[in-house]
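Listed in TrEMBL for this protein:
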- 12-17, 59-62, 97-106, Asp132: FMN binding site (BINDING)
- Arg350, Arg382, Ala383, Phe384, Ser385, Gly416, Leu417, Cys418, Ser419, Trp596: FAD binding site (BINDING)
- Thr460, Ser515, Arg516, Lys521, Val522, Tyr523, Val524, Gln525, Asp558: NADP(+) binding site (BINDING)
- 6-150: domain 'Flavodoxin-like' (DOMAIN)
- 206-446: domain 'FAD-binding FR-type' (DOMAIN)
Amino acid sequence: MPTPRLLVLFGSQTGTAQDVSERLGREARRRRLGCLVQALDSYPVVNLINEPLVIFVCATTGQGDPPDNMKNFWRFIFRKNLPSTSLCQMDFAVLGLGDSSYAKFNFVAKKLHRRLLQLGGSALLPMCLGDDQHELGPDAAIDPWLHDLWKKVLDLHPVPLDLGIIPTGIPLPSKFTLQFLEEAPVTHSEEQHVARTDPQDPPSELHPFLAPMVSNQRVTGPLHFQDVRLIEFDITGSGLSFTAGDVVLIQPKNIAPHVQQFCQLLGLDPDQCFTLQPREPGVPCPVQLPQPCSVRRLVSQYLDITSVPRRSFFELLACLSPHKLEREKLLEFSSAQGQEELCEYCSRPRRTVLEVLCDFPHTAGAIPPDYLLDLVPLIRPRAFSIASSLLAHPSRLQILVAVVQYQTRLKEHRRGLCSSWLASLDPEQGPVRVPLWVRPGSLTFPETPDTPVIMVGPGTGVAPFRATVQERVAQGQTRNFLFFGCRQRDQDFYWEPEWKELEKRGCLTLVTAFSREQEQKVYVQHRLRELGPLVWELLDHQGAYFYLAGNAKYLPVDVSEALMSIFQEEGGLSSPDAAAYLARLQRTLRFQTETWA
């Protein structure tokens, strides 16, 4: 009798949905179910009509947007010509991950659940809505939901009596085996490894371009609380092309002291080389990883040892631990009852994988190398808005980077992996190359030359609009209106001389909000309201496009409320009509946002 198959498909932006999906895969295997876990855009979506049992795990990003690795699936599943019986053979469940402080909490999961029902699918149980705002995180909703899910699934596919469920204390086989080589192979430089096989192909995640860093300049004043960098790369000969609104992805690395400490804890020789083999047929090796590979390279460039470990990390670590006391503590952290304590130990202070392993040294020293890729997630590339136009800076690419650094109750400062790594690179001390590639962003701009553009970009949110203004000015488009906000004129007013020069030339209307230069704080939404007549004239009578970039938590709501107020006061609209007007702007792409948490 063939093993019943469960398909788990995920859309993940930061890795949480992927981690939950991997957990589902492990729990399925413990129940003797065959299980395939895959990103939605990696799965051939036309095959869904043949799948009997599918769990969808999807995050909601920005203002109700699907993650990048499910956007193709999203477009396909909402095609109007799909028959209403397309998925009539499918039992499904949807698990959503979101943050209830945002207006469109779990919007993607809710919309997907409705669409699957419209296409004839049968819901095994109501959708799960995980919430980052809960004191225990998404697991507060996920744990009881999974309990109900497995009851439903096992009613359909009971565990064979002669096998039984594999207990949670017994580790499942690792996904891969590391076969260490007795002799070090002839090594290739990083440049050789990432070089594109076909120079006609643009750089990609598999084959990034190693861009020389030209300059790395701090652009905030010495008294400003945050170190913000303007970084420029030379992309001559890269094949890279981009327009305003596009983003660059950068693959960061762990610093050498952390790599050395990790190898010492686990008893690994950083110079030893290995090849990677999957245990099961059909399971691909991580395509980014060269074969053969050194331990040093694996740890420095691929394993995210400074990430905050998730619950699944503690579950596997407990299975692998030979030390009684450490194992008991790890089991407690991985249990449903221990989530408050785990949150206090790990999530709240942002304790890293490396720091946890230091706290459990006997367990760390006993981790079989085969489990490294099961235990530690891969480093994810970081996306930055491109802050320059090729029309103004040919063969150059610039980004504006806020260096992430903050203090928790732990002694050592918390640091963002990518921003701190980039800030540490100094091209004046010698050649520096950074692996990067480009993809389209979420902002698209009107091609008609006379269409006005209103841009609201406080802080580093102004980065994509610098590219926009440069591009539009080079094309002779001068109806550019920029609302910029920061704390103080002399500390974090990015590109002030450039904006002033464009104002003099009549190419830009600049409106500023310096929040800390008067007793009462003033933000960009206040400036919008003050200039309500102009905003209404541009939007309603001149067909302007409106753009917003910045922090996702408060800015979109504050700016939307300011616009609603303008529509009512200047346009004489009722509150429902103002809401409908705003929705129409969004639907016709005349109101676009690019926000980040």
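Backbone N, Cα and C atoms are what each Cβ position is placed from, and that goes for glycine too.
TrEMBL: automatically predicted annotations, no manual curation.
Annotation for Asp558 (NADP(+) binding site): spatial neighbours Tyr523, Gln525, criterion Cβ-Cβ under 8 Å with sequence separation of six or more. One residue stands out among the binding-site residues Arg350, Arg516 for having the most other Cβ atoms within 10 Å of its Cβ: Arg350. There are 18 other CB atoms within 10 A of the CB of Phe105 (FMN binding site), with all protein chains counted. Taking every pair among Arg350, Arg382, Ala383, Phe384, Ser385, Gly416, Leu417, Cys418, Ser419, Trp596, the residues listed as contacting FAD, the largest Cα to Cα separation comes to 26 Å.
Here the C-alpha separation of Leu417 (FAD binding site) and Gly15 (FMN binding site) works out to 15 Å. Its Cβ placed at the centre, Tyr102 (FMN binding site) has 22 other Cβ atoms within 10 Å. Mean per-residue pLDDT, taken over the domain 'FAD-binding FR-type' (206-446), amounts to 94. The Cα of Ser419 (FAD binding site) lies closest to that of Gly15, out of the binding-site residues Gly15, Ala59, Asp99, Tyr102, Val524. Summarising the NADP(+) site geometry, the residues cited as binding it (Thr460, Ser515, Arg516, Lys521, Val522, Tyr523, Val524, Gln525, Asp558) extend over a maximum Cα to Cα distance of 19 Å. In terms of Cα spacing, the binding-site residues Ala59, Phe105, Arg350, Ser385 that come within 10 Å of Thr460 (NADP(+) binding site) are Ser385. In space, Gly62 is the closest of the binding-site residues Ala59, Gly62, Tyr102, Phe105 to Ala383 (FAD binding site), judged by Cα positions.
Taking H, G and I as helix, E and B as strand and the rest as coil, DSSP gives the domain 'Flavodoxin-like' (6-150) the counts 58 helix, 35 strand, 52 coil. Close to Val524 (NADP(+) binding site) in the fold, though at least 6 residues off in sequence, lie Val456, Pro458, Phe483, Phe484, Gly485, Val511, Ala513, Val559, each with a CB less than 8 Å from its CB. Taking the Cα atom of each, Arg516 (NADP(+) binding site) and Ser385 (FAD binding site) are about 26 angstrom apart.
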